[in-house]
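Features of the protein shown, as given by TrEMBL:
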- 1-20: signal peptide (SIGNAL)
- 77, 78, 79, 80, 81, 82, 202: substrate binding site (BINDING)
- 148: active site, proton acceptor (ACT_SITE)
C-alpha cells in the first residue's frame, strides 16, 4: 500500500468524512448524524449525498464508476489478489461489501509486475478466478483505488465476470495492468524480478484467500504451482553452483 499524502490517508481511514447537515469528522464509535449512517463500524453517505473523497478521483475514474454503477448507484469490484482475504479487504481496508460472489473473468491472465503486486493482463485464451464484491459506494472504491497506489500502478477497467455455477454475467470494476508511461517505469524498476514471480508471503496470502472463498479447485492448484521469488532465486543459484561441482569432480 502506497502512502500518498496525510490528507488522503485521513480520508481513506475508517474515520470517514461525509456530507451531513453539518460537516463532521465521525469515528467508528459515533452515532449517525444528519444524512450519514453507520454500517459495520464505518460511516457511509446515504441517498444522493456523496462522500467527499469521491471528488479526489480523476474524471476518467468518475466516468467509469458512473458507467459501472447499478440501478441503486452501487458498484461491484472483482478481487483476485490479496483482497480475497477478509483480513485485508474488510479489516485492513475497512470495506463492507453487501454481497460476495465467486466468479471467473475470461480473457485475462494473472501477472505479478512486482513481488507484492498482482495484476491482470489481457490474454484471450486465459481466465482469472476471484470474488465480485457488491454494494460498494463510490467513496469505497476511491479509497480502495488510492490504497493500491492510485494511477501510479494500475488502470481501472470494467470487465465481465461470470458467476460460479450459473450462466449469469455481471459488469464489474477491477484493477488491470498499467499501460501508461508510469506503468512502464514501474515495470522497469521491478524488472530485476522474473515475471510472474511474487514473494513467498504474497502468493501465500492469495492462496489463503482463494481457499477461504472456496474458489475453483483447479484455480487453487494453479496458484499452488506458482513459484515465489525466493524459490526462483534459489534455483538460479543452484544452476550456477551445480555445473561448477560437475566440472570439479
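The backbone N, Cα and C atoms fix where each Cβ goes, and this holds for glycine too.
TrEMBL feature annotations superimposed on the structure.
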residue : record                 : contacts (Cβ under 8 Å, 6+ apart)
77      : substrate binding site : 83, 97, 132, 133, 136, 141, 144, 172, 173, 174
78      : substrate binding site : 103, 105, 130, 131, 132, 133, 159, 161, 172, 173, 174
79      : substrate binding site : 89, 130, 131, 132, 133, 174
80      : substrate binding site : 105, 110, 118, 120, 128, 129, 130, 174, 206
81      : substrate binding site : 117, 118, 206, 209
82      : substrate binding site : 88, 118, 202, 205, 206, 209
Around the C-beta of residue 202 (substrate binding site), how many further C-beta atoms are within 10 angstroms, looking at every protein chain?
19
Let me know how many other Cβ atoms fall within 10 Å of the Cβ of residue 148 (active site, proton acceptor).
18
Could you give the maximum C-alpha to C-alpha distance in Å for the residues 77, 78, 79, 80, 81, 82, 202 that bind substrate per the record?
20
